[in-house]
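Visitor: The transmembrane segment annotation in TrEMBL covers B:12-29, B:95-113, B:133-152, B:186-206, B:218-243, B:269-297, B:309-328, B:348-370, B:382-406.
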């Protein structure tokens with residue numbers, strides 16, 4: 001027994017659904033009887049019931065679910081940041097003078113004169129050196145000044161940078177102290193020129209950074225000579241992009257079976273850790289090490305020429321991980337073999353053992369006696385010291401000056417760099433939001449922008465200090481996150497034509513009977529009204 | 001076919017036969033129930049017995065059954081099934097429960113058939129009403145329908161919804177509107193979509209009121225009975241809240257049906273569409289699909305106002321095609337109601353095509369699913385294509401039944417047109 005018996009089973013029912021052919025002409029001519037008013041009303045109700053759902057439920061839902069959420073972005077402010085109008089990068093550097101041997105009066109006078117001389121020399125308003133009289137009891141590192149000048153009377157006029165503290169020792173002959181009435185002093189001029197030399201590199205770097213960014217011209221420093229600009233550009237390309245964390249990979253590659261172990265941990269602890277510690281306010285470092293035997297370099301020549309150096313790394317076979325994940329990797333490779341680097345001129349014996357690969361790391365060629373199976377920490381001293389100095393240039397540390405000065409300069413350069421990058425990201429985001437009116441902007445992006453701007457403001461107010469760097473770092477991270485918001489990236493390209501392809505396949509077929517039904521119903525209604533009016537007119541005439 | 005007098009013995013024999021058949025399959029083929037439980041045609045995320053077991057385990061270990069996102073069924077199943085012995089060690093009790101539910105459904109169907117509502121309602125009496133099957137045959141068709149048996153063996157919890165819907169209709173035709181409303185509330189509580197049956201069911205109750213206490217106004221009748229549904233639903237929700245201790249069950253049961261967050265393939269049309277959907281349009285098209293499902297209620301209730309039972313039958317067919325998680329259990333409910341219209345079968349035009357398409361899809365569906373999931377020689381389009389055919393077969397049946405019913409009504413007005421070819425103008 002099937003649920004739906006076929007019609008053929010029901011022969012006893014005198015019904016066929018096919019009309020006899022000969023009846024067709026007559027039935028075609030015959031007009032159907034007029035519809036009953038109740039049927040007409042019922043049909044209107046059916047059509048109305050569908051349209052009520054479409055209008056009362058469908059349209060509001062369509063409106064609510066397809067409205068693109070666009071969080072309000074402070075576009076004006078963002079563009080102001082990008083154009084550098086919101087923040088004028090100023091690095092006020094305080095320099096204290098400790099002159100224990102001078103009278104207060106004399107010291108004040110000297111300070112005034114030196115400041116005058118400095119202001120005369122300075123052509124870049126953003127980088128401003130301000131002198132103050134230091135308190136001799138205070139520790140020079142703690143008083144917030146970038147540099148302390150220690151004036152001591154001595155034989156001649158000399159200036160030396162303290163290698164461990166940010167201190168410039170200046171000796172002067174006793175007779176050069178300026179008289180209270182003098183309008184210029186040789187000592188003051190000397191100090192000023194010393195200071196200027198000390199900070200020349202930082203000043204050049206910052207003005208280079210500003211000039212490569214879209215800073216308005218009135219803030220842009222002038223007088224950057226093409227040679228300086230070129231060398232700065234070289235250095236900038238050499239150093240890695242700023243990241244809060246760098247991953248250091250130390251690799252020992254040997255051309256033969258030996259050596260197979262090394263005392264890298266001790267060596268790092270001893271020779272590199274101090275510098276890493278000093279860098280720690282600016283960067284974090286993670287470290288791993290590896291040893292690879294029978295490693296063949298990309299170039300087999302005994303003597304490596306300048307051209308060979310770039311292809312020495314055997315990228316195909318050496319397990320050097322690229323920067324996967326958050327932190328970029330810096331590679332330090334010790335290669336044990338018998339290859340040497342050709343010296344630039346043939347009459348000088350080859351002396352160099354290492355070279356730096358821009359934005360990547362360093363290779364150090366270490367030649368050892370053939371039977372060494374273990375590389376001692378002492379043997380690694382020279383390679384690691386080389387690596388350390390290369391690390392500094394890979395992180396973009398300036399080259400001149402004492403280490404403490406170089407590091408504080410690095411912090412200032414990096415904060416300026418981050419500030420500019422975050423600002424330009426904000427600008428790109430604002431331009432993107434304006435260029436694509438149909439892109440959705442989730443509230444997380446607006447949050448990120450707000451955070452970026454508040455941290456940028458804080459960074460801008462504290463430029464030159466460690467706080468400024470921290471804020472600039474957060475601002476840059478937030479700006480990047482806001483710009484690369486996942487739900488926005490997917491919609492970057494979604495033109496309006498696509499919407500037709502989305503709506504039409506389903507809603508088109510649904511809409512045809514709905515719309516046709518409505519149109520027919522309206523037509524029939526107007527016809528009925530006209531007929532009624534005609535009937536009414538006829539009645540009136542009668 | 002039109003069996004003569006139905007005796008108590010024949011009734012008992014029918015029920016016993018159906019029960020013995022199911023028990024025999026359960027005991028002789030002990031692996032078959034678990035196999036069927038895993039079939040996507042039978043178990044959907046909102047009715048699966050396996051997922052019920054998971055929820056039950058969590059519930060019995062005092063963890064919220066909705067933790068883990070596997071269980072999407074009504075919370076009141078949990079105390080019911082935890083009363084039974086463990087389904088793994090003593091499966092016979094679960095089998096007996098499901099068999100009893102099937103027999104209860106058949107009993108309700110029998111009462112509906114015997115009421116004669118299908119042939120002559122309060123406002124319309126079909127000239128062909130004499131050609132009908134009695135309750136025995138209709139119950140037998142339901143009980144021995146392979147889809148019903150497979151659903152019972154697969155222990156899908158949709159049988160409870162089926163039972164509740166059939167009882168709601170049975171109560172409505174026997175003039176007990178209050179019980180009908182309570183039964184519909186249970187069905188809605190279990191599966192949500194039966195709530196859409198409320199308008200035609202209220203009309204059916206209104207038409208079949210007992211004359212001695214009839215309410216003359218349909219509006220006042222509706223305003224007295226719709227609150228019953230809301231009240232019972234509120235009560236059930238309150239009990240669920242007491243059982244689970246939070247309102248989490250609302251989003252985990254009805255929320256899943258509304259948002260289709262579980263995209264496990266099934267025989268319906270939603271899953272493939274929403275796998276392919278752009279995320280930004282997902283919520284819009286969810287609303288469109290739900291509106292599509294619910295927009296038939298008003299139109300059909302108005303158009304076939306004179307035969308509310310037809311509206312209920314057609315809506316059950318439409319739900320079996322277009323609801324978010326359909327299974328063959330919904331089809332078996334629809335196919336159980338269709339034989340009530342034996343008298344209009346001669347007016348149907350595509351019976352053969354419908355039977356062929358439905359059988360074609362039921363045989364090829366599992367094969368295509370196998371090709372896609374296990375053999376790997378097909379892809380998702382294979383299975384989706386066959387579910388389209390399945391939907392086509394059912395929608396043909398819905399359309400053809402509607403055509404036959406309307407023609408039946410029309411021929412009463414225009415007796416001279418009986419048996420002639422007609423054409424829409």
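Quick reminder: no glycine exception, Cβ is built from N, Cα and C everywhere.
A description of the local structural setting of each listed feature is requested, covering burial, neighbours and distances.
Guide: For the transmembrane segment (B:12-29), same-chain residues at least 6 beyond its ends with a Cβ under 8 Å from one of its own Cβ atoms are 91-92, 95, 98-99, 102-103, 106, 136, 139-140, 143-144, 149, 152-153.
Panel annotation: around the transmembrane segment (B:95-113), residues 14-15, 18-19, 22-23, 26, 33, 84, 132-139, 142-143, 148, 152, 155, 159-160, 162-163, 166-167, 169-170, 173-174, 309, 336-337, 340 of the same chain, lying at least six beyond its termini, place a Cβ under 8 Å from a Cβ of the stretch.
Below 8 angstroms of C-beta separation, residues 1-3, 6, 10-11, 14-15, 17-18, 21-22, 25, 36, 41-42, 98-99, 101-103, 105-107, 109-114, 158-159, 327-329, 331-332, 335-336, 339-340, 342 of the same chain, each at least six residues beyond the ends of the transmembrane segment (B:133-152), sit close to that stretch.
Using a Cβ-Cβ cut-off under 8 Å and counting only residues 6 or more beyond its ends in the same chain, the transmembrane segment (B:218-243) has close neighbours at 74-76, 78-79, 177-178, 181-182, 184-186, 188-189, 195, 198, 202-203, 205-206, 209, 249-250.
Sequence-remote contacts of a segment are chain residues at least 6 beyond its ends whose Cβ falls under 8 Å from one of its Cβ atoms, and for the transmembrane segment (B:269-297) they are 193, 196-197, 199-200, 258-260, 263, 314-315, 318-319, 321-325, 380, 384, 387-388, 391.
Long-range contacts of the transmembrane segment (B:309-328) within its own chain (CB-CB distance under 8 A, at least 6 residues past either end) are made by residues 41-47, 112, 117-118, 121, 147, 150-151, 156, 158, 165, 169, 173, 193, 196-197, 200-201, 203-204, 257, 260, 266-270, 289, 292-293, 296-297, 300-301, 334, 337-338, 340-341, 362, 391, 394-395, 397-398, 401-402, 405.
Taking Cβ pairs closer than 8 Å, the transmembrane segment (B:348-370) reaches residues 39-41, 265, 267, 328, 378, 382-383, 385-387, 389-390, 392-394, 396-397, 400-401, 403-404 in its own chain, all 6 or more past its ends.
Under 8 Å from some Cβ of the transmembrane segment (B:382-406) lie the Cβ atoms of residues 265-269, 272, 304, 307, 310, 313-314, 317-318, 320-322, 331, 334, 338, 341, 344-345, 347-351, 353-354, 357-358, 360-362, 364-365, 368-369, 371-372, all in the same chain and six or more residues away from its ends.
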